[in-house]
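Some notes on the structure that comes next.
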Amino acid sequence: MDQGKFKRRLSLLDLSLLGIGSMVGSGWLFASQKAAGFAGGDAWMAWIFGAIAVLLIGLVYGELAAAIPRAGGFVRYPDYTHGSLVGFLIGFASMMAYSSVAGVEAEAVRGYMSSYIPGLEDAAQNVTAWGYLLQIALLVIFFLINYWSVNVFGKINTIVTLLKFIVPLLTIILLLVHFHPHNFAVGGASPGGVHGAMQALTAGGLVFAFLGFRQAVDFGAEARNPQRDIPRAIIIAVIGASAIYILLQISFIGAVPASHLTQGWGGVDFKSPFANLLETLGLGWAAVIIYADAILSPSGTGNIYLSGTARTLFAWAKNGYFYSVIGKVDARTGIPRGGLWMTLILSIIWTLPFRFSAWSGLVDAVTSATVMTYMIGPVSVTALRKTFPDLVRPYRLKGVHIIAPLAFLAASWIIYWAGWQTDSLLIGFTLASLILYFAFMDRDAQTRSQLRSDWKNGLWLIVYYVFIGVMSLLGSFTNTKVYPIVIPAPWDTIVVGVGSLIFYYWGVASALRVPRITDADEAEESTLGNF
């Protein structure tokens, strides 16, 4: 494959709709019911907290991406500021997280289609062979759309995202007509309150719904004016998606008939939540529209994530931790086709029927893995303020010394609230990847020397992962069927908060004295593209 360059073709509208389009996917179809099951009438509070947390993290990355626009920026920045160990760990977590989202969306499409196409699920709602083949077919379609040109991809996404707005807005209006305020006071079989809202953030799919803001960062090398447009696109995407999701949650809670709330919110179990609710309200025609959108919305999001993941794998290869062919760009199209092929393979693997085969299980895992990659941004942005004060920052975040630690704190809580069952697996996998790191860095005298120097810059992250894992086991989000709660709520969350702030400042202090940023990266990767 000839080495080419990314084409700078994406406008502010394209970047904003990449973010919103990846946020408004399967999350809007399922998350409102899931969140209500955990938090009842308080579920709307969880959406607000999730929006604030993601906006704080997004603002941090706005400064980084405007100053250093790179393809797969989330993977590049930790390597620049903290060296190979942190860069490898974040890159590994990114590979786990990002490559799985397209599979999640394909599974969501299959789940909705099973409502009117027999044979995609068995009686226990497990995927059948035909259902799995459908998921693979969807992933192949996403792959083909992304294979030819970022211009084609961007324009298709713009059209699809604009269409995706119509159905959620119509749903909100129709459900508000059937609004019952007393539904917000219904208790029953739901944890409710603050603890339920915490669980809803991850297990309910709320934070998962917001994760797409990163697309503007990962496509930074393909933005026409990255310094101006990336921060704006992040803010527009988060605020726009937040408004839609909060209104969907409020309208869903208010419209559920009293006859369905006899066992509390935990007893509400629509297979296709909004479509089934509209059918219950006598609005079958609107349910048909939602069934159609259940193919469009997740497919659009899966399409975006397949493309974004290819950029992430490209970035990991550029950092030197993956096959060099993945770090090449097709000269004619400006597409990292090696990364795209690898993404397709990983996406198919993620949808295999195993521990996370259900939508909610996959979402829980993806959310934690993704936030594990986001938490490094607040550390990197503060470290760069100290180690590279002369870096040109077109967007300089005001109050960064307050916002950055708050963003790190929020990310830590989200990871912790995912619970022991999810965190034990993901943190275990990430720490196990150290074996690969040591093997990779033991190649020659130069890499062994770099390993010795970078170890002290990354020790804080290893200890941080261990801390979160231990707290997940001992705190109130452990698997209570197996383990006792040693640190009850809210003290467990307080301990995680205090500990996280300590790790934040340790991480800032552990940064490289001279960041490993080279202008050659940008010159090598990007060029203005013709339409």
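Backbone N, Cα and C atoms are what each Cβ position is placed from, and that goes for glycine too.
Values in this document were obtained by computation on a predicted structure and should not be read as measured data.
As recorded in TrEMBL, the features of this protein are as follows:
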- 12-31: transmembrane segment (TRANSMEM)
- 43-64: transmembrane segment (TRANSMEM)
- 85-104: transmembrane segment (TRANSMEM)
- 129-150: transmembrane segment (TRANSMEM)
- 192-213: transmembrane segment (TRANSMEM)
- 233-254: transmembrane segment (TRANSMEM)
- 274-296: transmembrane segment (TRANSMEM)
- 338-359: transmembrane segment (TRANSMEM)
- 365-385: transmembrane segment (TRANSMEM)
- 397-418: transmembrane segment (TRANSMEM)
- 424-440: transmembrane segment (TRANSMEM)
- 461-479: transmembrane segment (TRANSMEM)
(request) Report the listed stretch (12-31, 85-104, 129-150, 233-254, 365-385) having the maximum count of Cβ pairs within less than 8 Å of the transmembrane segment (192-213). (result) 12-31
(message) Is it true that the transmembrane segment (43-64) and the transmembrane segment (424-440) have 3 or more CB pairs under 8 Å, sequence gap of 6 or more?
(response) no
(request) Examine the transmembrane segment (365-385) against the transmembrane segment (424-440) and state whether at least 3 Cβ pairs sit under 8 A, considering only residue pairs 6 or more apart. (result) yes
(request) May I ask for the residues of the chain that lie six or more residues beyond the transmembrane segment (274-296) and have a Cβ under 8 Å from a Cβ within it? (result) 28-29, 32, 108-109, 112-113, 115-116, 160, 163-164, 167, 170-171, 174-175, 178, 248, 252, 255-257, 260
(request) Given the cut-off of 8 Å on Cβ pairs that are 6 or more apart in sequence, determine whether the transmembrane segment (233-254) and the transmembrane segment (424-440) share at least 3 such pairs. (result) no
